[in-house]
Amino acid sequence: MTEPLLRMSGVRAYYDGVEALHGIDITVDTGEVVVVLGANGAGKTTTLRSICQLTTTTGEIRFDGDLISGASTSSIVRRGIAMVPQGRGTLGDLSVEDNLLAGAVTRRDKGVAGDIASWYETFPRLAQRRHQTAGSLSGGEQQMLAIARALMLRPRLLLMDEPSLGLAPVIVRDLFDVLARINRERGVAIVLVEQNAVLALDIAQRGYVLEAGNLVLSASADQLRQDDAVRLAYLGN
Amino acid sequence: MGTVLSQAVSGGQADLDVVAARRRRARLRAVLVVIVLLAAFSVWAVIDGGAQLYLQRFFDGITNGLLYGLAALSLVIVFKATGIINFAQGPMAMLGCYLALTVLEMWPMPVLLAIVIAMVVSGLGGAVLERVLIRPFDPDNHMAIIIVTLALFLGFNALAALVWGFRPLSFPSPFPQGTADAIEIAGARLSYQAIGTALLVVGAVVVLELVLNRTRLGLSFRCVANDVANSRLLGIDIGRTVQFSWALAAAVGTLGACLIAPSTYVDPGFMNKILVYAFAAATLGGLDSIRGALAGGLLTGLSVSLVTGYLPGVGSELGLVVGFAMIIAVLQFKPAGLFGNRAMERV
């Protein structure tokens, strides 16, 4: 078996010395969409923050075979892991165009202008508002900008934290179409933390269920959809 | 993809536009109040003392104001990146000024070149200072860092006294400074020195805007100024960006000190008074706005020049009182300043 793109082994995470993750093992293969389910406070966001080393962790995290636990967030991002945090993570005072440029601020190649043009093609709404500040965009537009900005990094792994939060249902459906298409066309692996389990499982191949900082279930998306406990807790039937 | 989205997302747009419009109106109203106050004072001043005297005070106020604005800029640059007011900025600029003087003494060269050399050296010094004395502290522990800058304030004053002594030195102007080197407008004198200084300040601000808006480091700086946590997720090295802001502020501060020095003198404490005016300018402009700092500087310069020039009993030595009064008034009535965003966002 080849080495997965991301491998977390026995990862524990701490906030001010209090353990929030109690040793979890997660793998993500190249080009795969993996969903992380769990109740509020189960440690979903902490899992994503651990990957980017935004919290203190112990245990081993490897990206593409290289040890990244203990590295700085900026060096991890430069390796090709982009995260869209809860609340979008766009820079409200900067224009839409500057946000996209900022997404590529660590890149040294000549393709940045071309990438921005292609995102404007994908989201014409962003092109119209390119000189407006990101803070003046609506929630849906900001989420689109956040995704485009994250992909300006040309990452191999995209971490999405609750992208549907605060968006109208029709926009959420569209958002997941976009994510599925990014995964299919660009081969970007995605780790998706999401309350909307129905839609998330639709585009995911595999999933994990977290409970109070422990991993309680790891299965394919189909198996998760059939699982009684998951159906009861996250699918509402 | 994205088509349904494009049509559906405009729902919350109206509210945001309303908020933005209200903010613009509040800003306009505040600026108008200040302008009306200044205009009313000016009308009284012209009636009281004649147009020529008023014009002279006006020119003095604008020239000083631009320099206060430049000094305020060096405070604003660091504040934007870190949320910290660098109390050592005045003494840092003073050291830069001494440096230019020393360079001039050792190697004869044009004054402007000596100023540029001093700016580069102070920039490097600012970067080292950040790395050695500021970065080791938790960036969220503002109190600790502010106390470090206060310690630097005292330390630098003592250092300058040790190296250069307390004797006031004169600083050569990069522009002709004779009594004849001036143009006359309606009887008021506008010296070449004032015009040249004003052009240099404007040039420096244009260069600064270009650096911040057109370079990779400038973009990183604007990201960090906006949101540190999210900047980290962009792969930006926060420490190096903050270091860049210290270097930039130190260079701008040195330029300001070298342009102020010809009309005062250089001694270890000569920038401390200017620092008060810079604080007034920066708070008036709203601490996190570059254009605001410049506008705040102009308003401070004008107010100090007019108030000390016309109000009986407020002599020129009471200029500092005017500066402090402005700081207190702004913090009381408009804590975000005229152009700032920070405090308004919390409302």
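Any Cβ shown, glycine's included, is placed from N, Cα and C.
Annotated features in TrEMBL:
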type	residues	note
TRANSMEM	B:30-55	transmembrane segment
TRANSMEM	B:61-79	transmembrane segment
TRANSMEM	B:84-101	transmembrane segment
TRANSMEM	B:107-129	transmembrane segment
TRANSMEM	B:141-166	transmembrane segment
TRANSMEM	B:190-212	transmembrane segment
TRANSMEM	B:244-264	transmembrane segment
TRANSMEM	B:270-287	transmembrane segment
TRANSMEM	B:294-312	transmembrane segment
TRANSMEM	B:318-339	transmembrane segment
Checklist entry - Does the transmembrane segment (B:270-287) reach the transmembrane segment (B:30-55), going by 3 or more CB pairs under 8 Å (6 or more apart in sequence)? => result no
Checklist entry - Hey, which of B:107-129, B:141-166, B:294-312, B:318-339 has the most Cβ-Cβ pairs under 8 Å against the transmembrane segment (B:61-79)? => result B:294-312
Item to check | In contact by Cβ distance (the transmembrane segment (B:244-264), the transmembrane segment (B:30-55); 3 or more pairs under 8 Å) | outcome: no
Item to check | Chain residues outside the transmembrane segment (B:244-264) and at least six past its termini with a C-beta under 8 angstroms from it | outcome: 67, 70-71, 73-75, 77-78, 80-82, 86, 89-90, 92-94, 96-97, 99-100, 115, 118-120, 122-127, 129-130, 134, 170-174, 177, 193, 197, 200-201, 204, 208, 211, 217, 220-221, 224, 270-271, 274
